[in-house]
Amino acid sequence: MAGSPSRAAGRRLQLPLLSFLQGATAVLFAVFVRYNHKTDAALWHRGNHSNADNEFYFRYPSFQDVHAMVFVGFGFLMVFLQRYGFSSVGFTFLLAAFALQWSTLVQGFLHSFHGGHIHVGVESMINADFCAGAVLISFGAVLGKTGPAQLLLMALLEVVLFGINEFVLLHLLGVRDAGGSMTIHTFGAYFGLVLSQVLYRPQLEKSKHRQGLYHSDLFAMIGTIFLWIFWPSFNAALTSLGAGQHRTALNTYYSLAASTLGTFALSALVGEDGRLDMVHIQNAALAGRVVVGTSSEMMLTPFGALAAGFLAGTVSTLGYKFFTPILESKFKVQDTCGVHNLHGMPGVLGVLLGVLVAGLATHEAYGDGLESVFPLIAEGQRSATSQAMYQLFGLFVTLMFASVGGGLGGLLLKLPFLDSPPDSQCYEDQVHWQAPGATLSPLPTPAFQVPGEHEDKAQRPLRVEEADTQA
């Protein structure tokens, strides 16, 4: 059952009201948003520029990769829940489409507002997708226990706080964070975790639908592979052209490879009977791209990237195995997707790695490239040690914004008119979607199984089973 008639009537009205939200956004775009000089036909040709020099040709390939990651990678990574696949992909689509518009306005007012207008181009598109990524990270922490109206309100608040935090870090404190270990991963993770703590529901610990099935975990691996392949582009998307962008992609590439090996090694070590856990592989193998987010543009060295990636993969795997149960039982945080292990802890490690590498920066190591990586050091306004301290202070600022914002967001999402799904309907697609009338679940052990062969539930054939329609 999808719920009572009154609840169904409320849902019928909630999402159509999005047209008013889209209309308000469109009005703000009409008043404030304009093409920048690299996009406007008259301004570009007035400068007698060659089309080959347009920023589009340098940034758009990275934008394509980032865009695919946000809409395909994040969405499919969350389809592991056995009865929440439509919602995982569909609400990712909805949230990202709204967040990229709203963040264009928020970031525009903070970063590119001059002459009374916000000026947009391919860089603003990438920045908007970055912000949408942070929102989707937070979504992962509350996946399955929030409705679309609640999620949109979460995005409305989080995008504003994301923009303010980013402005404080990058423009006021002069923090360097090319791949977003601080601004994207740490902020998004702890915003979502505090939000989840405020929305804690003790009865959900008993839900049988919080786990994956063979086919749902397989689909989630599609998201993992998408993110794994394209993450060097994500970290390098807005770094300085030339050596900086090249170095960022290289460091991310090696860190991802090392985190994957670390994940496989630790998963087998801590797994039952030495077997791999697909949850570890889906998630912890990606921790390498988070841990080098801050330092990927710096002279981390290939060895440093490998070491950092391996450490992140092992820490993330151990987090899924040991810390997630503690997080729920002791701290009342129901972290559905394990964002603390994939984004939170690796994000903090990434910030600390950035502190170390920034503190070791010298003119000899960077040469003329110091200006593009650490402009304040190159100009003599800061020492390397001072830059490192600002990097560390940026972590505390981020945690403050994330914690306060997540707490406030949790209180807002508890408002009764937002139609939070009841405990019995959490992690269920049919609450918000016209789901098919049958689902897939594992069969009992087949009669032809070899006697004495170790039984593996994940490898059982699949059968069609009538959907559980009880409220």
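Cβ coordinates are placed from backbone N, Cα and C, and glycine is handled just like the others.
The predicted model assigns the topological domain 'Extracellular' (34-60) a mean pLDDT of 84. According to Swiss-Prot, the feature topological domain 'Extracellular' maps to 34-60 (among others).
Residues annotated as N-linked glycosylation site in Swiss-Prot: ASN48.
The feature topological domain 'Extracellular' is assigned by Swiss-Prot to 107-123 (among others).
Long-range contacts of the topological domain 'Extracellular' (170-177) within its own chain (CB-CB distance under 8 A, at least 6 residues past either end) are made by residues 110-111, 183, 293-294, 297-298, 354, 358, 373-376, 382, 387, 390-391, 393-394, 397. The topological domain 'Extracellular' annotation in Swiss-Prot covers 170-177 (among others).
Residues or ranges marked as topological domain 'Extracellular' by Swiss-Prot: 239-249 (among others).
Sequence-remote contacts of a segment are chain residues at least 6 beyond its ends whose Cβ falls under 8 Å from one of its Cβ atoms, and for the topological domain 'Extracellular' (366-391) they are 173-176, 240, 243-244, 294, 297-299, 351, 354-356, 358-360. The topological domain 'Extracellular' annotation in Swiss-Prot covers 366-391 (among others) and rests on sequence analysis.
Residues annotated as region 'Interaction with ANK3' in Swiss-Prot, with similarity to another entry given as evidence: 414-422.
What Swiss-Prot records for 437-471 is region 'Disordered'.
The feature compositional bias 'Basic and acidic residues' is assigned by Swiss-Prot to 452-471.
The helix, strand and coil residue counts that DSSP assigns across the topological domain 'Extracellular' (366-391) are 20 helix, 0 strand, 6 coil. Within the chain carrying the topological domain 'Extracellular' (239-249), a Cβ under 8 angstroms from the stretch's Cβ atoms is held by residues 58, 178-179, 232-233, 296-297, 299, 369, 372-373, all 6 or more beyond its ends. Beyond the topological domain 'Extracellular' (34-60), the same-chain residues lying 6 or more positions past its ends with a Cβ under 8 Å from any Cβ of the stretch are 112, 117-124, 126, 237-238, 241. Across the region 'Interaction with ANK3' (414-422), DSSP assigns 3 helix, 0 strand, 6 coil. With a cut-off of 8 Å between Cβ atoms, the residues of this chain six or more beyond the topological domain 'Extracellular' (107-123) that come close are 32-39, 55-56, 59-60, 63, 131, 163-164, 166-167, 171, 238.
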